[in-house]
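Straight from TrEMBL, the features:
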| type | residues | note |
| --- | --- | --- |
| BINDING | Ser9, His68, Gly145, His146, Gly147, Gly148, Gly176, Gly196, Thr197 | substrate binding site |
| BINDING | His34, Asp36, His68, Asp174 | divalent metal cation binding site |
| ACT_SITE | Asp36 | active site, proton acceptor |
| ACT_SITE | Asp174 | active site, proton donor |
Amino acid sequence: MSKCIISPSVLASDLSKLSDECQRMIDNGCDWLHMDVMDGNFVPNITMGAPILTWVKKNVPEIFMDCHMMVADPAKWVPEVAKAGGKSYTFHYEATSDPEGVISLIKQHDMLVGLAISPETPASVITESLGNAVDMLLVMTVRPGHGGQKFMPECLEKVKELRERFPGKNIQVDGGVGSGNACQCARAGSNVLVAGTAIFGAEDPKKTIQEMRSTVDQVIAEQKK
């Protein structure tokens, strides 16, 4: 399993001062910032798009924007998000009939590629060729579209299955994740944890990030023995 990556979800931040919130998380020790892009079509909520990402990148030049594209036409936004400074572009398997084409387009724009599956989607849709073509697999542990939902532990079976099939891959979980279930996620095989309310809403975000990281690192170390 790869190294631990903590990616706070900006959906739980004070969006009126997004750049400051991203900087605050970097200062508190996070690795990436999970940018929740929603189009009001693929999911019933609207958040942000490339213009906002552009300003965040200008204000926080060192940011690693982990862009989670909850959009109905993932290919359409690739050039704009790349231009805005997105480092990683994760799209939903359910949003396209041509995942290979979207993967190829993202790579052409020099971003890392993530492929997400929603709770209702089985891990079996991720074929060997698809899994090997991407840099990261995202297993949603809530239904995409709204923050603050309850963690769905049954989704971790998919993490386990994907970890067995893709031992060296970054596997991300997103939704209802925090210090309380970081161990559960890591034992299933996830090394990239997205946490929103648990980090942004914490009294001491630095401590929460450290706790989550040490939990995952401990599991990784145990599995290496």
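Placement of Cβ uses the backbone N, Cα and C atoms for every residue, glycine included.
Sitting within 8 Å of the Cβ centre of His34, Asp36, His68, Asp174, and not among those site residues for divalent metal cation, are the Cβ atoms of Ser7, Ser9, Val10, Leu11, Met35, Asp66, Met70, Thr90, Leu138, Val194. One residue stands out among the binding-site residues Gly145, Gly176 for having the most other Cβ atoms within 10 Å of its Cβ: Gly176. Compared over the binding-site residues Ser9, Thr197, the count of CB atoms lying within 10 A of a residue's CB peaks at Ser9. Cα proximity to Asp174 (divalent metal cation binding site) (within 10 Å) is found for the following binding-site residues from Ser9, Gly145, Thr197: Ser9. Looking at His34 (divalent metal cation binding site) and Gly145 (substrate binding site), their Cα atoms lie 14 Å from each other. Here Asp36 (divalent metal cation binding site) is positioned 13 angstrom away from Thr197 (substrate binding site), judged by their C-alpha atoms. Spacing of Gly145 (substrate binding site) relative to Asp36 (divalent metal cation binding site) is 9 Å (Cα to Cα, whole number).
If you take the C-beta of His68 (divalent metal cation binding site) and look for same-chain residues 6 or more apart in sequence within under 8 angstroms, you find His34, Met35, Asp36, Val37, Thr90, Gly114, Ala116, Leu138, Asp174, Val194.
Its own atom aside, the Cβ of His34 (divalent metal cation binding site) has 28 Cβ atoms within 10 angstroms in the protein chains shown. Other Cβ atoms within 10 Å of the Cβ of Asp174 (divalent metal cation binding site) number 27 in total over all chains. Neighbours of Asp36 (divalent metal cation binding site), defined as other CB atoms within 10 A of its CB across all chains, total 26.
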